[in-house]
Ligand code: NA
Ligand code: NA
């Protein structure tokens, strides 16, 4: 189509020094390089165009062409994405990677949302979530009992903490620091960046490697805009997406290693290995529900089949 | 593209504004017109409609109607008199003591009611007759009341600080509240200094001091009202509850207190709710309109472009701050604080951040500068109300107001260039 | 016409008051649940946010009826009364157009777009939330038409809080 803008508007809500921004810049660079600047990418960082939910809606309407959002933000739009919130659906990151590089599974996931206006292009590692507490080690279900844990405002996260015996306390992320400090909550759960990037390590001194959730970031694109690209451009966009995912893997791992050292040495956070099997056992009722619920049954089987077949 | 879209956005906005369209309408129409320029019709409409709703999708925002409600309840709660008496005990020995009582009364009452209009009206009604009886000129008493009424907007709880928190991307309300105390009190003190010298020149009397017994009674009857501030602000700063929950606690507290004082009857409730609805409907609609406006600005890349333009004039921090202060002061003369904070924060905040100015400190700069507009013509809510309750004409009060205006500007410069004035308390309390 | 306005006012004030009281109760409940009962209340914050959207848009509509949206009348008042009235009418038409295109038409489209979308904590359809926009748009249109037919001069507030 002549005269149409050849610029892809890409929105995300992280700061300019966040690893994901660098990876999205790499995505843009790859698109521009591969297309000889026929296609350009303009990045709106820092949540300039709105919250993740708003940005997904903007991608649906076409005001935004491409967006990086958390898979958890997509749950409300397509229930398949809620599978990532299911604790221990992946036992570790290797298992997660196997699934996310299985085209049969990702095609199902990425094109499921075509009828509501967008498709998935790729995923990015956004860390593995672990439990951290203000002042006590938690390695058993007994120690979990009665623990007030901040969770994201999602039903699955609430159910997860309940299943583990804790008291789920949904609250906005910005309030976690003060809430830990004042004792409104005893614990929170997130990847290592929370300790350093958001200074939670100043008030939380124990970080347990529970690895209960691996919720990736997703790169989504307006379906119609993608459809209007030439076949060659479609290939370019997809290739650039996948290559930026690999690029991201490297800088993300580096960031986590760096943050772990800072948390340990400068903030005095103790990192504790735990026996995950007791926790995995405790959340099995949730797995049964996902396997039985008709909205999540197919994707659950697909993922479980994907990991078992390897 | 940025330039054309930016010109369309602001030209249509100011055109509608000056022709007297409601400010929210001016904001929305100019935003949509700009969207039409760059997006297909359908997409522009959908995107705008979405932002009209998500613009108020924020838990912290509930603090605004709740603080307005608690302020209105307290307003009807007969506490203004108790606070005036309390203020008199504090400053009764100074020349022109009733003027100082008025200032401190505004700081206390404005702090609770969160409205310079309510404060100027309540204080003016009580203080003007008292001052006239003691031979104070009406222009003098009106000027003191007008000049000190805006202090309650900076001293927490404060809706405008919550608005700033929202529009600046979630700056901590607790930190902003703590930051507001010293600038607000300095403003009040500056007004008292001018009032002192004017009173000395005119030979205005010192009040008779109450007996110890009276003092104890006065303090005791003011304590329940002052306790509201301690419970609510203390609770928010200590992280016991969020700003919104604190505001809900304030509503309950104010209701219980008014019931004990028997100052509110069941039949007053509909009027109180109606007044709350009128004020908050206006504010929330402005906020959601501004959410659309700032989306359009980001979309066309305006803040970056303006920032670059400003930095090309001077890259000196002092120069940039002075330019921003001048713009805010001019805007404040004719625009109300809420829309001005909503429109100018997204433009100026990124610029301030290139100099590493703390967003809490910057919030003080913006809100303080715009609050000054409350006491200036052509549009100044404290000015209008202060003149009307004192029954003086605006043009007669202006000359008396000039020295106040000057000292408040000096305090503004102090606030702008000494970050510690704003940041000392937030740092002290670790918020 | 006036009778209709009284009915609309009553409807809006009553529903907005109920929403406001409900939001106070929910917020206080959230504090009590945390400290006194030691239980979690997963859905309250989200519910409050959605009630607030309805509250905000309904009260905004009411304020259109009450003509209390702040405007700057200082400059307009320099014109002759005839010109002022003309400007007022043009503004009214603009408000009707805006409410019809953006709030009602756009609102219905966004309701359709989001009706399948579910909220994270409560699981309700986002369409229910977005429906506040067309509803409040209809109120604004009716109010403005009534105002055009019955009032001659603008009474918008010049000052805010
Ligand atoms: Na206040
Ligand atoms: Na002014």
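Indices start at 1 and increase along the chain as displayed.
Cβ coordinates come from backbone N, Cα and C, glycine included.
Those TrEMBL annotations? Automatic predictions, nothing curated.
TrEMBL lists B:6-39, B:59-83, B:103-122, B:143-167, B:173-199, B:215-241, B:247-264, B:276-300, B:320-349, B:361-384, B:404-425 with the feature transmembrane segment. Marked as domain 'TRAP C4-dicarboxylate transport system permease DctM subunit' by TrEMBL: B:10-421.
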Mean pLDDT across the domain 'TRAP C4-dicarboxylate transport system permease DctM subunit' (B:10-421) comes out at 91
Listed stretches B:6-39, B:173-199, B:215-241 vs the transmembrane segment (B:59-83), most Cβ pairs under 8 Å: range B:215-241
For the transmembrane segment (B:247-264), the distant same-chain contacts (Cβ-Cβ under 8 Å, at least six residues beyond its ends) come to 62-63, 66-67, 69-70, 73-74, 76-79, 157, 224-225, 228, 231-232, 235, 241, 272
- Query: Do at least three C-beta pairs under 8 angstroms join the transmembrane segment (B:404-425) to the transmembrane segment (B:276-300), pairs 6 or more apart in sequence?
  - Reply: no
(Q) Check the transmembrane segment (B:320-349) against the transmembrane segment (B:103-122) for contact, please; criterion is three or more CB pairs under 8 Å, pairs 6 or more apart in sequence. (A) no
For the transmembrane segment (B:361-384), the distant same-chain contacts (Cβ-Cβ under 8 Å, at least six residues beyond its ends) come to 116-117, 120, 146-147, 149-150, 153-154, 160-161, 164-165, 168, 171, 176, 179-180, 183, 187, 321, 324-325, 328-329, 331-337, 340-341, 344-345, 348-349, 352-353, 394, 397-398, 401, 404-405, 408-409, 411-412, 415-416, 419, 421-423
Sequence-distant residues near the transmembrane segment (B:143-167) by C-beta distance (under 8 Å, 6 or more away from its ends) are 58, 60-61, 63-64, 67-68, 99, 102-103, 106-107, 109-117, 119-120, 123-124, 127-128, 173, 176-178, 180-181, 183-185, 187-188, 191, 194-195, 229, 232-233, 243, 246-247, 250, 283, 287, 290, 294, 337-338, 341-342, 345-346, 363-364, 366-368, 371-372, 374-375, 380, 382-383, 385-387, 389-390, 397, 400-401, 404-405, 408
Same-chain residues at least 6 beyond the ends of the transmembrane segment (B:173-199) with a Cβ under 8 Å from one of its Cβ atoms are 60, 63, 91, 94-96, 99-100, 103-104, 106-107, 111, 140, 144, 147-148, 150-158, 161-162, 164-165, 233, 236-237, 239, 242-243, 360-361, 363-364, 367-368, 400, 403-404, 407-408, 410-411, 414-415, 421-426, 428-429, 431
Under 8 Å Cβ-Cβ from the transmembrane segment (B:215-241), and at least six residues away from its ends along the same chain, one finds 70, 74, 77, 79, 82-83, 85-86, 88-89, 108, 111-112, 156-157, 173-174, 177-178, 247, 249-250, 253-254, 257, 260, 429, 431
